[in-house]
Amino acid sequence: MATRLNEDPEGSRITYVKGDLFACPKTDSLAHCISEDCRMGAGIAVLFKKRFGGVQELLSQQKKSGEVAVLKRDGRYIYYLITKKRASHKPTYENLQKSLEAMKSHCLKNGVTDLSMPRIGCGLDRLQWENVSAILEEVFESTDIKITVYTL
């Protein structure tokens, strides 16, 4: 069961929901952070790997840090924000912003209007949510894309 925590605080384009990310509407595209090597061996990435597979498809896209790899599943896009070279590395805010810009471009070209995601980069990667959310707001400010962030 998801619980909506806010609608639009101070003009924010991010809505926060307490609940399971994978219970989001089936029309929402999803996003999370991974490394170039597509290991997805820990954290929420493991759940993405189990649910959507496609590791070879992701690797074949040969995306680098600051880019985005994409799978299409059941009529929606699954975005893999490439924020670091190896799974054992830590991401930078710069690479996160570049990968978000790449995702935004793909969303706009493909008519994506709703994105759901966890607090990207803030679990095992240890980025600070106040910085990440500010980057998200900045990157998507000139779009009509709605972002829903799920927390457990």
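Backbone N, Cα and C define each Cβ position, glycine as well.
Residues Leu21, Arg119, Ile120, Gly121, Cys122, Gly123, Leu124, Asp125 are recorded by Swiss-Prot as substrate binders, and the candidate that the same record lists for that site, out of Leu58, Leu152, is Leu152. Cys122 (substrate binding site) and Lys84 (active site, nucleophile) have their C-alpha atoms 14 Å apart, to the nearest angstrom.
Here the recorded positions are Lys84, Cys122, Leu152, and the one with the most other Cβ atoms within 10 Å of its Cβ is Lys84. A distance of 10 Å separates the Cα atom of Lys84 (active site, nucleophile) from that of Asp125 (active site, proton acceptor).
The Cβ of Ile120 (substrate binding site) lies under 8 Å from the Cβ of Ala31, His32, Cys33, Leu81, Leu96, Val132, Leu136, each on the same chain and at least six residues away in sequence.
Leu21 (substrate binding site) falls within a helix when secondary structure is assigned with DSSP.
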